Amino acid sequence: MEDDTKIEVEEQESAPKELSTPLNRKISTEKSEAKPRTIPPPGIGQKIYEIDPSLLDFRQHLDYRYAQYKRMREEIDKYEGGLEVFSRGYEKLGFVRSEMGITYREWAPGAKSAALIGDFNNWNPNADIMNRNEFGVWEIFLPNNADGSPAIPHGSRVKIRMETPSGIKDSIPAWIKFSVQAPGEIPYNGIYYDPPEEEKYVFKHPRPKRPKSLRIYESHVGMSSPEPMINTYANFRDDVLPRIKRLGYNAVQIMAIQEHSYYASFGYHVTNFFAPSSRFGTPDDLKSLIDKAHELGILVLMDIVHSHASNNVLDGLNMFDGTDGHYFHTGSRGHHSVWDSRLFNYGSWEVLRYLLSNARWWLEEYKFDGYRFDGVTSMMYIHHGLQVGFTGNYNEYFGYATDVDAVVYLMLVNDMIHGLYPEAVTIGEDVSGMPTFCIPVQDGGVGFDYRLHMAIADKWIEILKKRDEDWKMGEIVHSLTNRRWMEKCVAYAESHDQALVGDKTIAFWLMDKDMYEFMALDRPSTALIDRGIALHTMIRLVTMGLGGEGYLNFMGNEFGHPEWIDFPRGDQRLPNGVVIPGNGYSYDKCRRRFDLGDADYLRYRGMQEFDQAMQHVEEKYGFMTSEHTYISRKDEKDRVIVFERGNLVFVFNFHWNNSYFDYRVGCAKPGKYKIVLDSDDPLFGGFGRLDHNAEYFSFEGWYDDRPRSFMVYAPNRTAVVYALVEDEPKVVNDLELVEIPETVKPAAAEPVKESEPDEESEPLDS
């Protein structure tokens, strides 16, 4: 570490107190932000062994990992004044405005000379020559003009010109806060973005409190219009946010925020990490969007990309100072063979500063409420998870294939985020199932709040390729519940991945081309449409009911959007000469037809209504975060799944033909049950075979390993949720209704413990 380049902190020894003071210069709407924020010191990192004793066999690796993390914390404390100061790199690097003028600093140790160029000096490379310090940081100070105005006007185009080992190169500053592609031009230009105080957006609403259960609406601003166009932050704020609120979601996860020069990369080939995408509007437009979401009580999560970077040399970090190993690993280790992108060197001091500061910047400046970290599996393993089938064997996670530097970075960034913003949410996209992933850093874990349960969506596609007769109830249940003890998951039946061109959404797997001809209510339905709508609702509900402590849906999929996503693109010629045809730069498939879900004359409306009802039932009963979960039936003959979550009983009949009268289902608590969600409701496109005014009374006696049960009608291809009516508890003994006097109501309202010896619950961890 001593050999790595560091930026010196002036007067380190004499001013540790000053360096530890958090930046709170802006007026904030949050009372909590008025208090000094600190990042707690590392813990002992040993609780992981209590949670999972199997980890003791890999203690050498895990203790080494935690020791590396603690060493990094100590190094940062020693050289930078602590993680709180270290994560404010944007106050030191890039453009920093003061009362006297503008200071611009850039870490580019490979450059031989550097100059700041732009509109402000007529792009003259000899006008503003920069000076280099011993750590490879180039610097220049531009004093204010005589009238007190800044030397660089707001909105000016700027770049840094460097003489590098690979020649003269003009680069967009690495810490640029805004970047724009001029009409008709191919490269982007960095923009000095510093509007006058009266033009800056001022946040009016505090961040919402973190909800107990997350219901996430995954979104892409650019393709959120029903029209074939690039939508704006303002339109998303005014048109889409109210929809998200009405549908019952409490968080929006926004993709493609960090600037990316290639639109069709879906935002995953980032060129400018600190700049919000200019395609959708200005930074202040984005702030207005987030503020509106907060007014509606919606959390805003950013899909942040720290797993790789665009290999774009003109606009991004690749070969920034003319060297291959500036921000990235050199040679083959610095290139992702499948993603065609560059891979960060997480062992580099300045890379840590850059990425940690980036994660803080979006929380601090834009008031995002957390992140979904993209591509974490690729980060944590040197093989990036490519052609590796993770079986759950712990040797796959803790060995020479693990990139310990990357895991330590993830521990540091979770430490920083949760230390400064205890309410912030971090979700990691990990398909490997890395143990300790969602355990706090102080306990020895990686520190994420949630893992994205990616295996569920893949399993549904696998199942949908089979005939109904070949669906296995036990296989469905196992896929949904196969997650680690005490590590929370965000479940989803499909995300944007399943909606991309070349793949199919669940709705299209189920209904195919019939969706284009038979979704109008004034036309007869088909067997394929009836089956598709029924299973579409059932798949979503069972995924939310059993899959995790959070739920995610990609925009439009709630009503079975009939088209895939295809970003505008031209023909692409591969190095081997093969040409992949484009779509003529069409925006036709890069939009969301919300009008279909809203149309009361189309069957899409019923699917949307069910998704909305599902969200509101979860909001009312909080079943995703209930401590009580018990799976009482996985009947392969009847094709029935029955489980309890909280005080709710879920009954799924996946049979394609058989309906069951007086079907007995187990339950934990005595009393009266009522229907609170029925996928067969005509409102949702069903056949209305259930009476919602009916009451279901429990009776004593063990059934399916439950102390009580009640009788239901279970029509084929339906999902029904029954709720205990707590304020009118009644029981049925020997099938005879008995009213229980108020004075002798049973104390059986206590939840049935999963660990009781006379019960055998379905495990939530394998």
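The backbone N, Cα and C atoms fix where each Cβ goes, and this holds for glycine too.
No curator has checked TrEMBL annotations; they are predicted automatically.
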Checklist entry - Which residue range, 200-220, 746-766, is the one TrEMBL calls region 'Disordered'? => result 746-766
Checklist entry - To the nearest whole angstrom, what is the C-alpha distance linking GLU429 (active site, proton donor) and ASP374 (active site, nucleophile)? => result 5
Next on the checklist: So if I draw a 10 Å sphere around the Cβ of GLU429 (active site, proton donor), how many other Cβ atoms end up inside it?
Outcome noted: 20
Next on the checklist: Considering every residue in the domain 'Glycosyl hydrolase family 13 catalytic' (231-603), what is the mean pLDDT value?
Outcome noted: 95
Item to check | Residues near ASP374 (active site, nucleophile) in space but at least six apart in sequence (CB under 8 A) | outcome: TYR268, ASP303, ILE304, VAL305, HIS306, SER307, GLU429
